[in-house]
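A quick write-up on the structure given underneath.
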């Protein structure tokens, strides 16, 4: 009994002491400190100068994006499929007019469409883009950020560097400024602007991951470049041809490729250096082709074994792997396979991209001084550059790529019937009117008029109008109101087999 009473008194006394202690600690402002030590420590509030630096960087990206985006364009290319129909048994000898029932399915005659990006480089409407964006296109349209749409003319393209130049009609466009990609450093911030996956005028950010990259998948011959800028800014299909810009808002590259097993962004994108793209662009505009100097040698990066054999202390330079032909200018100058080129015109070259940069600034006929190591001995050679082949490499189409005149009320592009078309289709004299070059998807003529149809005559409204040129067709259209029907006599043939006429009725816009 005494022990139980003592224990109860002891517990009561301890409780009173604890409560009293808490009140005393609270009065002394000790409780916050005690409890804080037992929990997580709050992060200190960011300092004003730290927040300001982040905000400044964010505002810089905003300003660059607002400056660059209006000069970026979305490019839509159309390639018309072959007009050869799918043959069926007994089709070859069909009477004229019955081909309509046996011709290629409309689904198969739809134009093949592709999209990409580009950017304006002059006030009078020149546009820089990739060759693969517009290659073999029958029609090219360019859309601006403000929703204006232009028919574009292909000035020229260069498959070797994947550069192409377009032209749209107009004045006072706002061009972008070119920067210096040679002074670009790995780690610098860059922005990529384009139209990936149909998402027009998208801006992504990243850094320069590397310079002087070679891409085996793109380098198909000795003239291809090994000097790409690598970036981790997100680049996806549709970005091709768009600008890569630095923190000053200057273009330092043309986005052209991604390294990915899926075909979509996987952390690696590549851009053509703007100094190279600019040289190609200037040649295409001035000459319709690229005039590049040629050393006439195959070249490779230097391996440790190459350096040791040549007598180099450092693993640097460019190895001569062979000649491009018996008349190689480097062979005539005395260079031999196995030589390691270390200097061009007194400037060090440490890799293939550096040699390419030095030579591409020259023109055919210019002379360059090469310094090379051969089995421990230094040699100097003077090489007069030859002209690199342009046939099948640089494809100039300035003379024959003007967009076919478009009749918007019908939704078709038309042109005079070419002579080779007359011969291939065995087109009779009385049916030589206007050839349909393309039919716009969703237009009044879509799935009614097809590429290579020839509009011969307007049957209705009366009087009938013989169609010999675009003015004849336009006068007929001027006689009808929107929603009226235009009845056309159309010659529809098969290459090598002739054809016949059909009547096509179109409700015009």
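From the backbone N, Cα and C atoms, a Cβ is placed for every residue, glycine too.
Taken straight from TrEMBL:
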- 78, 132, 162, 238, 239, 240: substrate binding site (BINDING)
- 78-97: region 'Disordered' (REGION)
- 132: active site, charge relay system (ACT_SITE)
- 162: active site, charge relay system (ACT_SITE)
- 240: active site, charge relay system (ACT_SITE)
- 284-376: domain 'PDZ' (DOMAIN)
These are the binding-site residues: 239, 240. Which one scores highest on other Cβ atoms within 10 Å?
239
On the three-state reduction of DSSP, what should I expect for residue 78 (substrate binding site)?
strand
Which residues of the same chain, at least 6 positions away in sequence, have a Cβ lying under 8 Å from the Cβ of residue 132 (substrate binding site)?
116, 162, 240, 256
Under a criterion of Cβ-Cβ distance under 8 Å and sequence separation of at least 6, what residues of the same chain contact residue 238 (substrate binding site)?
115, 116, 117, 194, 195, 196, 197, 198, 199
Which whole number is the mean pLDDT over the domain 'PDZ' (284-376)?
89
Using DSSP, would you call residue 240 (substrate binding site) helix, strand or coil?
coil
Across all the protein chains here, work out how many other Cβ atoms are within 10 Å of the Cβ of residue 162 (substrate binding site).
24
Take the Cβ of residue 78 (substrate binding site) and count every other Cβ within 10 Å, whichever protein chain it belongs to.
20
Pairwise Cα distance maximum in Å, substrate-binding residues per record: 78, 132, 162, 238, 239, 240:
18
